[in-house]
Amino acid sequence: MTVFFPLDTARLRLQVDEKRKSKTTHMVLLEIIKEEGLLAPYRGWFPVISSLCCSNFVYFYTFNSLKAVWVKGQRSTTGKDLVVGFVAGVVNVLLTTPLWVVNTRLKLQGAKFRNEDIVPTNYKGIIDAFHQIIRDEGISALWNGTFPSLLLVFNPAIQFMFYEGLKRQLLKKRMKLSSLDVFIIGAVAKAIATTLTYPMQTVQSILRFGRHRLNPENRTLGSLRNILYLLHQRVRRFGILGLYKGLEAKLLQTVLTAALMFLVYEKLTAATFTVMGLKRAHTH
């Protein structure tokens, strides 16, 4: 996450600051560095890493607890895994959305926006951000973007479906899949799922940021009407491709992060087994 964090910064800028002219990821990153300093692409790194830890903890804790209760020693099926994963995803969204709202704002604080309709923020840190949002916008603002986040819970399900499908196709041609095969299938499945659900991610980012001086009569950002309004506004102003601004950065980040994670994982496993092997050899 740390290595490819700047890509996530670029994606968020492209989603939220729709008046940006630069289309490509590297151009946006160069602009950010030039205007805001060398460390700007890493702005908000700590809140994001801490939120990721909390989010993963909540997700896996819920997933495993539910699974233990439901499966009770029987063999788990794909269907059951998907349902449990979906419920864990929903619990995760409801519990951790406030963290991600604060996150999005801290990542964009001090950014030089092209869009004049954006109201800048001035938070000292995570706690101060919570305090100011509750004070100025009410406690419900911490759950901005919950609805698109709930829709995005389908993302892993779509990924899983494509992953299994691609795996079946490949297994028709060969006996066993290598770790590279598994990685490629995983990356392709993730890319398809991300592309299909990306417009929702854009809406989610805009709602979480919530600093646009946007249709003041309808301030309840997060209602279905608002999501449709945001999608419609984007399409009207930038065509259908407006919904996909920052997709390139997102795909690069997901695929490269997955690749690095896979590589580190393989190396760590190999190293662990070597160490274990050595220990075992000594004990005999």
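The backbone N, Cα and C atoms fix where each Cβ goes, and this holds for glycine too.
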Annotated stretch (transmembrane segment, per TrEMBL) among the listed ranges 147-166, 227-246: 147-166
Message: Checking feature assignment: transmembrane segment per TrEMBL, candidates 26-43, 44-61. Which range matches?
response: 44-61
- prompt: When the repeat 'Solcar' (1-69) is classified with DSSP, how many of its residues are helical, how many are strand and how many are coil?
  reply: 52 helix, 0 strand, 17 coil
- line: On the repeat 'Solcar' (1-69), the mean of the pLDDT values is 91
